[in-house]
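Asker: Heads up, here are the entries from TrEMBL:
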ACT_SITE  GLU246  active site
ACT_SITE  CYS280  active site
DOMAIN    11-470  domain 'Aldehyde dehydrogenase'
Amino acid sequence: MEKFHYINGDWVGQDLEKLEVNNPATGDVVGTVPIGGKSETKKAIDAAHKAFPEWSSLTAYERSSYLKKLHSLMLEHEDELAELMTIEMGKPLHESKGEVAYSASFVEWFAEEGKRVYGRTIPPHKEKRMMEVRKQPVGVVGAITPWNFPAAMIARKLAPALAAGCTFVVKPPSATPLTAVRLVELCEEAGIPKGVVNLVTGKSSEVAGELMSNPHVRKITFTGSTEVGKKLMEQSAETVKNISLELGGHAPIIVLDDADIDKAVDGVIASKFRNGGQTCICGNRVYVQEKIYDDFISKFVNKAKELQVGNGLEEGTDIGPMIDKDGYDKVEKHVQNAISQGAECVLGGEGYEENGCYFYRPTILKDVAPGMLIMNEETFGPVAPIQKVSTDDEAIKFANQTPFGLAAYVFSESVRRGNHVVNGLDYGIVGWNDGVPSAAQAPFGGMKQSGIGREGGHEGIEAYLETKYVSIGL
Ligand SMILES: NC(=O)C1=CN([C@@H]2O[C@H](COP(=O)(O)OP(=O)(O)OC[C@H]3O[C@@H](n4cnc5c(N)ncnc54)[C@H](O)[C@@H]3O)[C@@H](O)[C@H]2O)C=CC1
Ligand SMILES: O=C(O)[C@H](O)CS(=O)(=O)O
């Protein structure tokens, strides 16, 4: 499967050196994309800049019709997109199908939200005819996306950007570019005019470097690690780029002693092991109150031990391969560090390598301590460390002891106690008796070092709009 860049409505880059894309479950080469750099990225930005006046002059209803066509095409090609995602990222096929539907829901949501970009008039306080506020599209958007949700992280940016009237240049991750290419092929099939959507693959530092420095790019939207996000913030300063950041997380899960334990176990499993634990909002730390500690762990182990590890294309697989050896090594490091400092491994605790591919079994550690690596660094793998806590306020204190502030979870059947915990949590997303809170109609994003801005909801389109205040004299 040889794929190319999409610049100004043409598929180009045939002459460039190729980057191979590997299936993380088998090691097979599943496709190639060009290794682009500064000059290809500049061409893509120029195309988006040239296309912006016409695209932004369309009505929201006209832009919506293109997005609705794209939405239909994504659902029509759900199986194909899902299989592509699984062979390049590894997640189980049923999760890939879920991601296609999730991605399409952002396109559908913003096809409508674009029609609700309202301005307002302000009652003048002195001799003026009118004071008003208008919203206008920011301009050319540069998007840089991660490998763990190859379709959703692009759709969550492309849909609001186009709905707002912006034009778009995306640099997908080198690990999962084929899904990105297929999405852009569907944009072309939907009739989205040339130059509105552009795609360049290749050296992050060069492609992203041009996006960050080119003055025609008015907005950067990045999803990825906090480490890279900080570098992009520094680079954005030169041209004062408007920047949105969806960064790393280290989600705490609090299970109070009034929780429905079976519901809590299901919720923790859903949060922890989705995408093999490779999501920014996966539970990374589990705090369980002492009265139910042993009962919760026993039920959690009994459920988690049923999870099957293997090739995501095979029926019955619940956890696919790690994306690469680095990802595997980080998980192994966290597990061994915890055990060496006194944690007890009650499930799993090891992985395996097959044909240069890396798999890690669902792992549960109990009696972990706050100072362990796993309780402070994002693990990004299928490992649940459990710490015993006493009071509700102690749980909140431990939960907030992190530079991250993306997602947190609490399981409690008490409105009073659950609400107290929710109010005390310093996180942009809180799941209360819900392990998978994300939805296109809700604002997704973090506080502290988990990012700036929100994606989804009405907030998601605001990120692609500028506010213009107009004062009209008599
Ligand atoms: N808050 C959120 O919504 C999400 C956050 N993430 C976070 O992303 C990380 C996992 O995804 P990865 O792709 O491994 O993240 P990453 O930060 O390594 O890469 C993300 C993107 O940035 C590019 N990139 C890497 N180094 C760069 C540099 N120096 N300059 C410019 N671009 C660069 C990569 O090619 C990729 O396209 C985790 O930390 C996870 O928590 C992942 C998904 C969602
Ligand atoms: O990449 C991620 O972690 C996603 O943002 C999580 S979700 O949106 O699929 O919940």
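Here the Cβ of each residue, glycine as well, is placed from N, Cα and C on the backbone.
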Asker: If one looks at the chain holding GLU246 (active site), which residues at least 6 apart in sequence have a CB under 8 angstroms from its CB?
Answerer: MET153, PHE222, THR223, GLY224, CYS280, PHE444, GLY445, GLY446, SER450, GLY451, GLY453, GLU455
Asker: Under DSSP, is CYS280 (active site) helix, strand or coil?
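Answerer: Note: CYS280 (active site) is coil by DSSP, not helix or strand.
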Asker: Restricting to the domain 'Aldehyde dehydrogenase' (11-470), report the mean pLDDT as a whole number.
Answerer: 98
